[in-house]
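Reviewing the structure listed below.
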């Protein structure tokens, strides 16, 4: 369970990214965070693994306040959290397999890993992760030879290889076309259901949020303005969160069921 | 009232400034050329008609002289020494340029990048030939001095190019690997090095092409290689020998350029 | 998936290739360092040896030697200036011949490119040796040598700039019935002018450095006295030459670089 207790985050330039957040997220939930760009979605997600560090409050995971962790403890904590980015963030010149194995870095000794001496169990795990997202055949290709959707699957496989308890996804489909967006969201949903991994996903598109989320959290100006089950959400809710009428851009379009 | 457009009323406010700049540059250049033509002795004792027979002595006669043919293996050996000087110098320079390049890159060196940039600027400001002279004088004539001069000089250019490559890497990957719990060394090995290695290799090869030419020249001041026999033959006006050496040099340089350009095209 | 078979992280073929390349590079280095007597350890020893030499022998320079150094350095600068000027003038028309988007006559384009490629493989000192033979000892040989040397560089740089220009204005002038000279004068030249000046200054910097060594083969400039003083082991005078040359080169580089920054 993840608990935010009065968490605030002020950037060095004085901008307040998060204002007094109180949330609790249960294990195995599929949570989608929505809001306009600049509303603090990314800050919220990144504060969980402290890619940005909250400046006030407590962030409890499994009952421990993670904000008090030492550097060493923080690294051990991070290796149990997978993270997926809008721009995939793969090492383009390395092979797909090597990119996926990067998910095992936190579990592998420094010397072993720089000599590329990953255990066979790790290599199998990496290939299984690739199989689960359907691109095991690309294992030895260079990452930059893959399409955008395939690259995002590689980054999902990288996160899976960490064998995480939690996956954070920061706008995972913002750079993808509608059919690929649905496919990637389905992968995430499937992983969430099969492995009971908690998913916290930032999304911009309203229809994707409603279709895949268990629970939707709405942010505006760094504050939680909505929190409820996805079933209870309507377009009106989004208009309240966004503070403006819904536009064409806010929808991806429903291609998958067509 | 009739609207009128008189071309003379359109004024370019910057015209006077351009005019003064133009006059200033003209006066300055005239002065430079005046000094150049009066202070430098540009006379020649030879007639331009001598050029034909001379070029024949350089590039035609040597092919038909058995005593020159006998010397070709010696020339090739000397040229190989030049090639080896350039290779040893470039490689060691390319390796030493890596830490300096990382130090000089703003995204890695941080507040200390000015130290790296300072070292690189100082090395590049110092002409290669002066390095060679200092090394020849301090460690003695021969290829060892040449390797030192080429090696140190290559750090200047390669370090600067490396720093530019490093400054253009995708820093997001470093954050990504940090998020998986990777240690600093692991981030370097998996996130940074794969992004820069191909460019580093390509620039080192490019520098090697330059250094083969440089080490030919450095031999003339005593830093080993084909330069020394070349200047010896030139001083005793044995143009046939000089010509054959030139042929060996030009052929070798061309072959190395071709190979290196080919490899570079495949790397990046 | 076959659970028994070991799964490689890097495919065998790629691994062998990488190892092969490394072996070739390192054994070539081993050969070169034995051939030249410069193992890495000895290389690292050379640097402190250089500093010892500078402190013990080069310092202090013989300050009064400036009387000989200044005229020699002036001659070096003049050789660089004159050869660059000549190259700047002659390179422009040839650059248009060597640019594929202006010169569409292939029978003319290919020979020009070929001649330029050959010219660029010749190191500057070799041109100097040849011109000393042709026009005799003195600064003129240096001017000719660096003229041809910089012609190769300058034409390559300028013709590449010409090939990268916006084709729109050229089309427009061609459409109004302009001939090839009008196309170049009104369409191409204004587009390349800043780069043309900038590259000319860049080549001037290269020529200043190249002209330092010309005197060693008798082609004029500071190299002549440098050679004399080296054979006499007169380190005080050598130090003075190095000192003044370094300052001179730095001044020219700084001026030229700041001018180039303003241009482009």
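Any Cβ shown, glycine's included, is placed from N, Cα and C.
Under the heading domain 'ABC transmembrane type-1', TrEMBL lists B:79-260.
The transmembrane segment annotation in TrEMBL covers B:18-37 (among others).
Distant neighbours of the transmembrane segment (B:84-108): 115-117, 119-120, 143, 146-155, 158-167, 169, 171, 200, 203-204, 207-208, 211-212, 214-215, 218, 223-225; these residues of the same chain sit at least 6 beyond its ends, with a Cβ under 8 Å from one of its Cβ atoms. As annotated by TrEMBL, transmembrane segment applies to B:84-108 (among others).
For the transmembrane segment (B:129-152), the residues of the chain that approach it from at least six positions outside its boundaries are 81, 84-86, 88-90, 92-93, 96, 123, 211, 214-215, 217-219, 221-225, judged by C-beta separation under 8 angstroms. As annotated by TrEMBL, transmembrane segment applies to B:129-152 (among others).
Among the features that TrEMBL reports, transmembrane segment is placed at B:217-236 (among others).
TrEMBL lists B:242-260 (among others) with the feature transmembrane segment. Below 8 angstroms of C-beta separation, residues 57-59, 61-62, 68, 71-72, 75-76, 78-79, 82-83, 205-206, 208-209, 212-213, 216, 226, 229-230, 233-234 of the same chain, each at least six residues beyond the ends of the transmembrane segment (B:242-260), sit close to that stretch.
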Task: Could you give the residue numbers and ranges of same-chain residues that sit at least 6 residues beyond the transmembrane segment (B:217-236) on either side and whose C-beta is under 8 angstroms from one of its C-beta atoms?
output: 74-75, 78-79, 81-82, 85, 128-129, 132-133, 135-136, 141-146, 149-150, 242, 245, 248-249
Query: Near the transmembrane segment (B:18-37), which residues from the same chain, at least 6 beyond its ends, have a CB less than 8 A from one of its CBs?
result: none
